[in-house]
Amino acid sequence: MDQDPRKDNPVEMDVDRDDSSQDPDDNESFKSALDEPLDLKELYQDALEKPSEEPSEELNDQVSTPAALTARAYQLEMFEASLKQNIIVALFSDRVMVADGHWQWQDSGRIWFLTPTVALARQQHRVLQSQIPSVKAIMLCGQDGVDSWSEQAVWDAVLLNVRIVVSTYQILFDANAHSFVRLDSLSLIVIDEAHNCSGSHPIARLMTEAYLPAKKAGLPVPSILGLTASPLKSNNLADIEKLEQVLDAVCRTPTIHREELLAHVNRPEMLVVSYGDSGTDPTPTDLMTRFLEAYHRLDISKDPDVLLLKAQRTERAREKLRQMITKKDTLAQKELRGVYNRALLVRREIGPWAADYYLTRTVSHMLAELERGEPPAQHRYIGEALRSIPIPAISKEPIQLSPKVQTLLKVLASHQQDPVGIVFVKERVMVSIVTHIISTHPLTKDRYRTASMIGTASVPGKARNHMDMTKKEDMTSLEGFRLGRFNLLVATSVLEEGIDVPICNLVICFDEPSNIKSFIQRRGRAREVSSTLYLMVQNASSESATDWHNLERLMKERYEDEMRQNAELELLDDPRIGSYPVLEVESTGARMTIRDARSHLNHFCAKVSSRSRYLQKEPYFVIRQVNPDPASPGRRTLLQATVHLPASLAPDLRRHESLWTWTSEKLAIMDASFQAYKALYNAGLVNENLLPTKVSDFLADLGDDPGHIWVKTQFDPWPEVAYAWQESSSLYSRRLTVLVPGVENPLEFEFILPVPVPYMAPLKLWWNATSALTLITSPEMQEFRKQEGTSAGPDHSYALLAMAFAHRFPIQGRQYPIRLVSTRRKLDVDGIAALEFDPRLYESSPQPPLVRLVDGRNMPYFVTKILPSKPPVELISKPSTDHADLPENVPYVVCKPIGKAVGQFIPLDAAQDQDSWTPKNGKLYRKVLPSTQIRMDNFPAVFAQVGAVIPAFTRAVEMSLVAADLMYNRLGCLQLDNLPLITTALISSGSRGPTNYERLEFIGDTILKFCACLTASALFPNHHERLLSQWKDKLVNNVRLCRASRDFGLDEYIINSAASKKWRPKFVEDYMDEMKSPISAETRQMSSKMVADVVESLIGAAYMCGGMSKALECVALLLPTPKSSQFKWQEIELSRTQLFEFAPKDAILSKQLEPLEKAMDYTFNKKSLLIEAMTHPSCAGLGTNESCYERLEFLGDAILDVIVVKRLMAETGPNELAHNDMHEHLSSVVTADIMAFLAMEWVIMQTDINEIDPTNLDALGLLPSSQSRITPASLVSNKEDWPFWRFMRHNSPQVGATQTATIERYLTLRDEIRDAIWKHNTLPWALLARMGPQKFYSDIVESLIGAVWVDSGSWKACEDVLTQMGLLPLLDHLLETKAHVMHPNVELQILAPPNKRATRTEFVIISNKRGIISSGTEFLDEPSAVDDGLVSVEPYDDTPEHDEVFSCKLFVGGKQVADVTGAATKEEARVRAAEKGCLVIKAERKVWNEAKAAAKEDKGHNTENGDANADNGQSGEKEEVPDCRDADGDTVMN
């Protein structure tokens, strides 16, 4: 605990002080106040302050600019008392000043301010911020999502540097119970409205369960400061002592400065106003009668709630149905009944006009709600009843008002002062009506600016009443009241307690206060001098209303009666509840009592339940009676509860019983909930904070993806090579064969390095757009020793470089890191331009040399043709500037230069290709040179070609050396043997290298996902599918892969930069000079995804090298997990065996599933796996010990991906698929729509059925009954197909109804879908969307694959099942026909990226029944059928209304590009619009590209003319290309 300035030893002080050590004078002085002339209420309940400064005349000035609060003497007295011990300050609003003194005085520790309501918390936070701006204060409430803060790191981040926290009671209790906020981290707890802290109140429990035990144990605890207007809820002083014991504090009120306190107390004048008899006829109005008749006409048998329970056909559903019908307890019944009862109340209290006004507004509001959006079935059912009610026109002005309301209006009209007041109304429904009357009635509308307030509280988990017309604008109204926009507030009891409102001079109690506390709180609102409190009663002559003293006394008696009744009820509570065990976690201090268990269990079930929409997710309790204890008094019936948890959990965790027997259902349910939660904790599904387990409890959350990060610069192998050239005594050599297009005999070189020469895959170095040199290194490597004192043999690298580059920059005679030695002829720089030009050589030699322009630079050219004389300048594309001066009658050569871009790893484009020039516009020759200005090399031109590609070859060698260093050092333990594969795994596409890692990354991603899913499933057999999905996401997400890559040191091996266009050779001497300089740690910026991708590409490379086991070794090496995570990568077969052992033994296959096993041509070793694979969560629920398919589906999804990816990777040679094509095919064939269609197509068996002959009128019953008969001859034998999907076991009427509707759509669309796939070689996404299958169709496909693999461990067995099902044949067909498989939504995102303004897409979906129902950018990242759970996409089974059809407009960049109509579902409308939009965009883009190409060609023609005209002083005119940009300058669909 932080140092408390009140004493030098605060801990010792707190430990020593207990209940017995309290100063007896403290209590005595408090009690003595009761005996003095001033009544206790006047002392601490009516202490109503004036501002220390004179109030401003303008209300706005009073409330909008908070003045600095100045403490008065009696406030300082309370403050000083609070510094000595824990106290409960008994004042009204001045008590906040006492608390304010604490945080201005304390210099350490965190202070927690507690309030009963969010509104009061917001008010206190605002005051603290304005009065102490130097201290960071925050407010926490449920709207901040506090209930989802389930990690210590979140709480630590929120509370970082926070000195003051303001919250409601429950938030601190929960945070402490889960050990997120420990008591020793607080220096002070301030409890506003402290009189509430009794019984099971959260703060009473915090004190008794945590504070007092910690203090007794000698642990540091915070100080306590209670604030209240009235610690006394009755005239029993024992209540004060109880409150003091609970809060470990003593009650204090001013005794020394009491006179000053009284000077600031303004007691309002109280007037009792009688309104007499109600004076209104209680007979319902005509509209009320019609409403009641509509209610009685409702057929409860057609109520959606009833229909739902009838269809379930379970014991639980039947019992619930019986109670629902008996009590008329459906949602529709309750809502309509509530409306009518509220109308009766309004009729009685206000009058007939008000009742009709309320009903008219309510019915109109509900019908309007039904017209908007997509209401649930219950509200459509209500709407049918409401539409039958004729709504009359009613007067806008209030008429026929009750005497009670008329009295209220007269009181308001007669108030003398400038009114600032509150009207307190008991019922919520009355608030808005009374507000409307005051605002519109002639007596009051001009004088009162009226608003209403009913409170912001809501019941968690309770459905909102759609027919509740009460407004939720409370904070706006309250703020307007504070700022003076309103001068009258009509409110419920929400304004009684705590909330700060302006000083009022008028308070009216429209209804009698319910208890003494309510009366005192209302009276305290009238704090202005000469203020008035009006108490409206039916009969002013009653004894209770003679004067306010009698009224107060009567209310005390009533309140005491309530307390006595409550006390009697509490006596019925089982006293053993206090001795029930507590679940406490020693490591964190988190604890849970039996009182908390049910809320904890509900929260757990909501978090972990199956995402299926067909299941109830809350726990279900069954109560049973047990024999009463004969020895117990009265032999009361004892009860025990059994709780059943969702089917997502393992069978042994789904059923739990209460530990003890109880006398009430509530306590038995609490007991069962506690036992269930304890079992979940023991099973590891609840963490150390007693919250549902998350993977972040084991693996730390690494935060968000940063996008780009700084990593080490790429490893450079050349300094090591240079050093070896100087120091090593060994050399290494491989044979390098160069295949040159057009040259019959390949060239051969010795490729020599002073380090082991890496083996490289055949390397293509492109010479132009269509041809490339191919360099092949031999598999065999030779090692030999350098002879001491020699240069280690010939080196032709220098000559090769000089042939190609000496004309561009000087090639110095130094040692190049790579040594190439021709095996067939000697190469020397002296042979460059060594011979006179001889035209005969070009006619006879198959490999002629280069010619060079003798101009000092020896510019090299290839000779394409020899002319006998100088051609006219008009025939030359690029004539020399001195062409006219050149000799006429000498041979000329037509030539072309060596391109600067030759030797790239990818084909050259037209602009780079020197060979792509063709004669045009009458220009026959590109370049000509006279024979008098040229010389020839002394060796064929092909050697210069080899020299020209040395830069690219050097780059490829560098990549291999980088990969070799990684493979043989950091990855050495894996014993990988394919260096070219590892090299590929390190090269990004941005490097423009010979290969890139994208294909390997694709398969590595799939393998990693499989390993993660398998290992998590095996290690955590109790973890449900949602938790397993968290494991998978945590293990394979890019942030973790990026971190692992950097930790392992992969970042310096990633090759991501392209070669420089301004290449210059770097020699051994250069590297040696650099090594003499200090080495600095250089970094580079890189995409975090690229850093993560290399991990996956290496996993893919390991798989290609050694299969799944080698891949798993690589995964374990690159992605280690801490021991604390409880996760450890393990062998594939070990994990599979564990999963196999988890499956129940000796399960007997039902007759229903036997045909499926037989049709699969696979016999399960454990039948339970097939049963589990075909069991929907609705069938694995109450009363069964079976598991549902969710875990197997989770694993089967990963297995299916592996099988498909292996098939895609098998496409090699000319059929090899690019990374994008592989991704599109995988995404297409494993999408839920496709698998669902295949599940309907896969016929498992056929059964014989007999049907009535449709031509037999007799058998059809179309003849008179006396003549009608069915005979064997009347029947026709047929075969009925039993497709795969029919073998799914479920126990849900909704699932059955969905299957029926889906199969009808399937039968209608089947032929079209098959034709599109097998005849037109395309995937019909729109038709599949029209079919709209639910996700469970694809789930059983994946779960079946998972079951076969777990049972057999055979990939082939799984492939055989997929072949029978048709999935692999479909994939083969798509590959063979090169079908277009991309989903339209994905294609549209590529053609029109939604993140660019000019191509931003928007779908507008329109219903012929409901108008526009959705608008915005809506895509599916991966096309799939809709999950039958909590998903963000539109549900296919969201049943349209009768004859409802949909249309969709698609806008791209604000321009409409598609408009489709007649769609059966919203998803079909969206997909069809995307398809049409893609066609339109591609057509527009084609036109634009053609125009662009034509403009470019015209521009080239004018440029050539311009070159010719330049000699004449003219310039070529520039051709303008059409501007295809929008107003913002963005390119449109370019």
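Using the three backbone atoms N, Cα and C, a Cβ is placed for every residue, glycine included.
Residues annotated as region 'Disordered' in Swiss-Prot: 1-36 (among others).
Residues or ranges marked as compositional bias 'Basic and acidic residues' by Swiss-Prot: 1-10 (among others).
Here Swiss-Prot flags 11-27 as compositional bias 'Acidic residues'.
As annotated by Swiss-Prot, domain 'Helicase ATP-binding' applies to 65-249, with the evidence given as sequence analysis. Mean pLDDT across the domain 'Helicase ATP-binding' (65-249) comes to 78 in this model.
Neighbour density for Gln85 (ATP binding site): within 10 A of its CB lie 20 other CB atoms from the protein chains shown. Here Swiss-Prot flags Met78, Phe79, Glu80, Ala81, Ser82, Leu83, Lys84, Gln85 as ATP binding site.
Residues annotated as motif 'DEAH box' in Swiss-Prot: 192-195.
According to Swiss-Prot, the feature domain 'Helicase C-terminal' maps to 404-575.
Marked as domain 'Dicer dsRNA-binding fold' by Swiss-Prot on the basis of sequence analysis: 597-700.
The domain 'RNase III 1' annotation in Swiss-Prot covers 959-1107.
What Swiss-Prot lists as domain 'RNase III 2' is 1153-1353, and the listing cites sequence analysis.
All protein chains considered, the CB of Glu1193 (Mg(2+) binding site) has 24 other CB atoms within 10 Å. Among the features that Swiss-Prot reports, Mg(2+) binding site is placed at Glu1193, Asp1339, Glu1342, with the record citing similarity to another entry.
Taken from Swiss-Prot, the feature site 'Important for activity' applies to Lys1335, supported by similarity to another entry.
Annotated domain 'DRBM' per Swiss-Prot: 1383-1483, in sequence order.
Among the features that Swiss-Prot reports, region 'Disordered' is placed at 1492-1534 (among others).
Residues annotated as compositional bias 'Basic and acidic residues' in Swiss-Prot: 1492-1504 (among others).
Per Swiss-Prot, compositional bias 'Polar residues' is recorded for 1505-1515.
Other residues of the chain with a Cβ within 8 Å of the Cβ centroid of Glu1193, Asp1339, Glu1342, the Mg(2+) site, are Tyr1189, Glu1190, Leu1192, Phe1194, Gly1196, Asp1197, Ser1338, Ile1340, Val1341, Ser1343, Gly1346. The separation of Glu1193 (Mg(2+) binding site) from Gln85 (ATP binding site), Cα to Cα, is 62 Å.
For the motif 'DEAH box' (192-195), the number of residues in each DSSP class (helix H, G, I; strand E, B; coil) is 2 helix, 1 strand, 1 coil. The number of other Cβ atoms within 10 Å of the Cβ belonging to Asp1339 (Mg(2+) binding site), over all protein chains shown, comes to 30. The separation of Lys1335 (site 'Important for activity') from Leu83 (ATP binding site), Cα to Cα, is 64 Å. Most Cβ neighbours within 10 Å among the recorded positions Lys84, Lys1335: this distinction goes to Lys1335. Of all the binding-site residues listed (Leu83, Glu1342), Leu83 has the fewest other CB atoms within 10 A of its CB. On the backbone, the CA of Asp1339 (Mg(2+) binding site) and the CA of Lys84 (ATP binding site) stand 67 Å apart. Assigned with DSSP, the residues of the domain 'Dicer dsRNA-binding fold' (597-700) fall into helix, strand and coil as follows: 39 helix, 20 strand, 45 coil.
Rounded to a whole number, the C-alpha distance linking Lys1335 (site 'Important for activity') with Glu1342 (Mg(2+) binding site) is 11 angstrom. In this structure the alpha carbons, written CA, of Glu1193 (Mg(2+) binding site) and Lys84 (ATP binding site) are 64 Å apart. According to DSSP, the secondary structure content of the domain 'RNase III 1' (959-1107) in residues is 103 helix, 7 strand, 39 coil. Separation of the C-alpha atoms of Glu1342 (Mg(2+) binding site) and Lys84 (ATP binding site): 69 Å, rounded to the nearest whole number.
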